[in-house]
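Here is the structure we will look at, set down as structure tokens.
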Amino acid sequence: MKSSVTQLVELAPALAALLGEDSVLTEDAQLDAYTADTYWPAIHARAAGLPLGRPDVVAVPRREEDVAAVLRLAGEHGVPVVAWGGGSGTQGGAVPVGGGLVLDLRALNRIVEIDEVSMTVTAQAGVNGDVLERALNERGLMLPHYPASSQWATVGGYVSARGSGVLSTRYGKIEDLIVGLRVALPNGRLIDSVSAPRHAVGPDFTQLFVGAEGTLGVITRATLEIVPLPAERTFTALHFPTLQAGVTAFRTALARGIRPSVIRMYDEEATVRTLSPVVGETLDGVCAILVFEGGEPAVVAAERTATIALARQEGGRELDPALSETWWNRRYDFYKPPHHPELPAIWGTIDVVASYRDIHAVHEALKTAVRDRYAPQGLQLRVHFSHWYRWGTMIYARFLLPDGGPDPLALHDQIWNDGVTAVLAAGGVMNDHHGVGLKLAPFMHAQHGEGLEALRSIKSALDPHGIMNPGKLGL
């Protein structure tokens with residue numbers, strides 16, 4: 001879906017009348033800032049001077065009611081709308097491939113309420129993750145999310161991408177922390193979910209918008225669970241003879257009700273190439289970083305002791321716990337130079353999830369399809385397991401190819417196609433927490449089957465004009 005010149009000529013003055021001229025951006029330099037998130041093809045295309053998408057106009061609403069009004073106007077004029085938060089997504093979910101209108105939500109930056117009785121925080125969609133965390137920390141509280149993107153990402157982005165944070169093994173992903181949402185629908189209405197996340201008053205439409213990436217409506221505020229800052233936080237590092245041994249130890253711990261806040265287990269290549277440089281030590285083999293925390297030091301100590309005992313049963317041994325504490329203090333360094341690659345390299349993260357029954361088959365399939373096939377071309381695949389559940393875990397497979405050759409985009413897409421196809425065939429789910437966006441949209445039918453038609457029916461009902469983030473999620 002692309003907007004016509006006539007549609008935009010009519011829309012721009014209507015936006016200015018609604019929001020004020022200062023809140024409507026049309027200059028080339030202003031629009032260029034919205035051509036790419038952190039999706040590799042978008043970065044590559046922008047560097048080549050041929051962006052994958054560029055908005056025709058950007059609106060900056062300052063009230064939630066204005067978001068709804070803008071959507072109503074866009075629908076009347078048939079102009080596509082892409083919501084923009086911090087621009088930190090990796091899947092191309094915020095790239096305006098159809099041009100049209102980008103809705104920059106960062107002026108919706110009010111922390112509405114911190115409820116220390118119910119232990120919730122209500123924040124508008126444009127509130128920055130780090131800003132929110134500092135406000136909570138000042139009261140001895142925290143949002144137990146902590147994604148690597150928190151310095152850029154917004155609350156709306158957290159929810160729209162169905163993201164996960166470093167503490168997810170203990171506290172859950174963002175969908176587990178949501179108490180309620182306010183959403184602007186394409187018809188110009190604002191709706192609020194019920195005030196309790198556990199109820200029996202019909203289907204929970206709140207979760208319909210979680211992970212929808214702005215294809216069904218625009219989240220304008222969220223109420224999220226918060227917790228006290230931990231009175232105790234302890235660190236552990238372990239070495240295992242094999243990945244299977246580590247998975248067995250941690251699966252058993254979770255089944256017994258033990259909840260580390262962090263379990264991050266690195267395969268042999270990731271230990272050498274990723275973990276060692278950041279912690280400043282020479283390590284090898286399968287290494288795991290663990291963090292335990294909570295309000296009762298005795299309980300934290302007991303969980304740590306029990307986990308170490310289970311690791312020893314599988315042949316694991318303790319390493320210096322200072323490695324884990326160093327990792328914690330430097331955990332965001334992985335995403336900055338010199339640890340994060342830059343063009344002309346090709347890079348990407350295939351983050352997939354599977355049951356414990358299937359996880360080893362998925363891991364082997366991914367290694368064969370990506371690491372083994374492209375190793376002759378210089379590809380490195382660094383794998384760690386970082387978000388753990390009672391029923392399964394996820395594989396965070398980061399690939400890096402220093403030289404993409406004459407057609408790097410085609411090579412990038414082929415690596416992704418091979419990796420995702422192998423994961424699906426082995427019984428895995430093609431994404432754990434980065435979302436779908438443009439990157440995985442072509443695989444949505446393979447993932448959902450006929451269920452995708454049900455999603456498309458919901459999309460048609462809520463967005464009959466098809467204006468909401470076209471081209472994403474395969475919708």
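Numbers run from 1 along the shown chain.
For all residues, glycine too, the Cβ spot is worked out from N, Cα and C.
Those TrEMBL annotations? Automatic predictions, nothing curated.
TrEMBL lists 50-229 with the feature domain 'FAD-binding PCMH-type'. Averaged over the domain 'FAD-binding PCMH-type' (50-229), the predicted model reaches a pLDDT of 97.
What TrEMBL records for Glu213, Gly214, Thr215, Leu216, Gly217, Val218, Ile219 is FAD binding site. Glu213 (FAD binding site) has a Cβ environment of 27 other Cβ atoms inside 10 Å.
There are 23 other Cβ atoms within 10 Å of the Cβ belonging to Arg264 (site 'Important for enzyme activity'). The feature site 'Important for enzyme activity' is assigned by TrEMBL to Arg264.
According to DSSP, Tyr396 (active site, proton donor/acceptor) is assigned to a strand segment. Around the Cβ of Tyr396 (active site, proton donor/acceptor), the number of neighbouring Cβ atoms within 10 Å comes to 21. Residues or ranges marked as active site, proton donor/acceptor by TrEMBL: Tyr396.
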Which one is it: of the binding-site residues Glu213, Gly214, Thr215, Leu216, Ile219, whose Cα lies the shortest distance from the Cα of Tyr396 (active site, proton donor/acceptor)?
Glu213
I want to verify one value. Collapsing DSSP to three states, which class is Arg264 (site 'Important for enzyme activity')?
strand
Local Cβ density at Gly217 (FAD binding site) - other Cβ atoms counted within 10 Å:
27
Other than Glu213, Gly214, Thr215, Leu216, Gly217, Val218, Ile219 themselves, what residues in this chain have Cβ atoms within 8 Å of the centroid of the FAD site's Cβ atoms?
Ala83, Ser160, Val183, Phe209, Ala212, Met468, Asn469
